[in-house]
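Report on the structure given below.
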Amino acid sequence: MIVTDKISNVRNIIKEQKLSGKKIGLVPTMGYLHEGHLSLVRIAKKHSDFVAVSIFVNPIQFGPNEDFDRYPRDLERDLKLLEKEGCDLVFAPSVEEMYPSELLTTVNVDKITEKLCGAFRPGHFKGVTTVVAKLFNIFTPDIAVFGQKDAQQVAVIKKMVEDLNFPVEIIKAPIVRESDGLAMSSRNVYLNPEERKAALILSKSLKEAEKLLLNGERNANTIIKKVNEVLNSEPLCKVQYVSCVHPDTLEDLTYIKDKALIAIACFIGTTRLIDNLLWGENI
């Protein structure tokens with residue numbers, strides 16, 4: 001496994017691999033890897049011949065009062081995990097390597113970034129699309145794998161790829177959960193034992209939504225109401241939003257015809273957690 005913090009090295013390595021006919025897979029991460037991230041690496045391995053992982057806590061996607069400085073980091077541990085998974089290349093740049101001078105060019109996807117998480121985290125998705133566009137230019141991957149847990153992020157990146165003709169296929173990977181149902185997240189480390197228990201209310205509320213859907217309920221408001229009810233039954237849970245949208249366009253649904261995404265964001269104590277249920281689409 002090659003580890004580098006230099007863009008020029010990545011370019012040379014990828015060029016060499018492409019010349020030998022290899023298909024390049026990319027998994028962009030912010031590090032502090034968990035089983036969810038590792039599942040993305042495994043999916044990338046299935047769809048490509050050479051798997052690269054980027055580890056970069058991207059400052060431009062964090063708001064002024066968010067957790068950039070506090071965000072967990074452990075490169076040594078991450079590298080051990082990636083080596084075990086058979087990853088080929090790890091790119092772990094410094095902020096100076098990614099943004100050597102004042103950043104005057106950004107990539108911004110309109111409309112679909114203004115709702116769900118985007119409504120509460122202004123500028124977040126502009127930071128995400130800008131860094132992902134940079135990574136796509138650095139790696140020129142054939143495929144890139146993103147987790148469904150960040151459903152809005154997947155939709156936004158897919159739209160950017162479509163609109164700007166990036167020659168990369170975006171593969172969506174299913175949410176990986178702890179044995180008790182909590183969606184895996186690097187931020188789960190912030191939760192104290194009481195909050196960790198309370199956080200199960202997110203997946204429980206989505207299970208209730210799934211029950212309704214399986215029983216034939218198609219009215220989005222009925223489902224949203226039920227999810228809110230379950231979430232509000234947990235005293236430590238403060239709901240930020242519950243939405244029922246189309247998974248690709250993120251347009252609000254009133255009636256569920258085929259595909260739907262039930263997306264939620266909550267604060268458990270001071271920790272913001274997201275989760276979702278994808279209905280009518282197999283990934």
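Even glycines carry a Cβ here, placed using N, Cα and C.
Per Swiss-Prot, the feature ATP binding site maps to 30-37, 147-150, Val176, 184-187. Non-local contacts of His37 (active site, proton donor) by the CB criterion (under 8 A, 6+ apart in sequence, same chain) comprise Val27, Thr29, Gly147.
Feature annotation from Swiss-Prot assigns active site, proton donor to His37; the stated evidence is sequence analysis. According to its DSSP assignment, His37 (active site, proton donor) is helical.
Residues annotated as (R)-pantoate binding site in Swiss-Prot: Gln61, Gln153. Taking the Cβ of Gln61 ((R)-pantoate binding site) as reference, residues of its chain lying under 8 Å away and at least six apart in sequence are, in sequence order, Gly123, His124, Phe125, Lys126, Gly127, Val128, Val131.
For the recorded site, Gln61 ((R)-pantoate binding site), the DSSP three-state label reads helix. As annotated by Swiss-Prot, beta-alanine binding site applies to Gln61.
Just so you know, the Cβ of Gln153 ((R)-pantoate binding site) picks up 22 other Cβ atoms within 10 Å once every protein chain is counted. The Cβ of Met30 (ATP binding site) lies under 8 Å from the Cβ of Ile55, Phe56, Val57, Asn58, Tyr71, Ser186, each of which sits 6+ residues away along the same chain. Sequence-distant neighbours of Val176 (ATP binding site) (same chain, 6+ residues apart, CB-CB distance under 8 A): His34, Glu35, Gly36, Ser39, Gly147, Lys149, Ala183, Met184.
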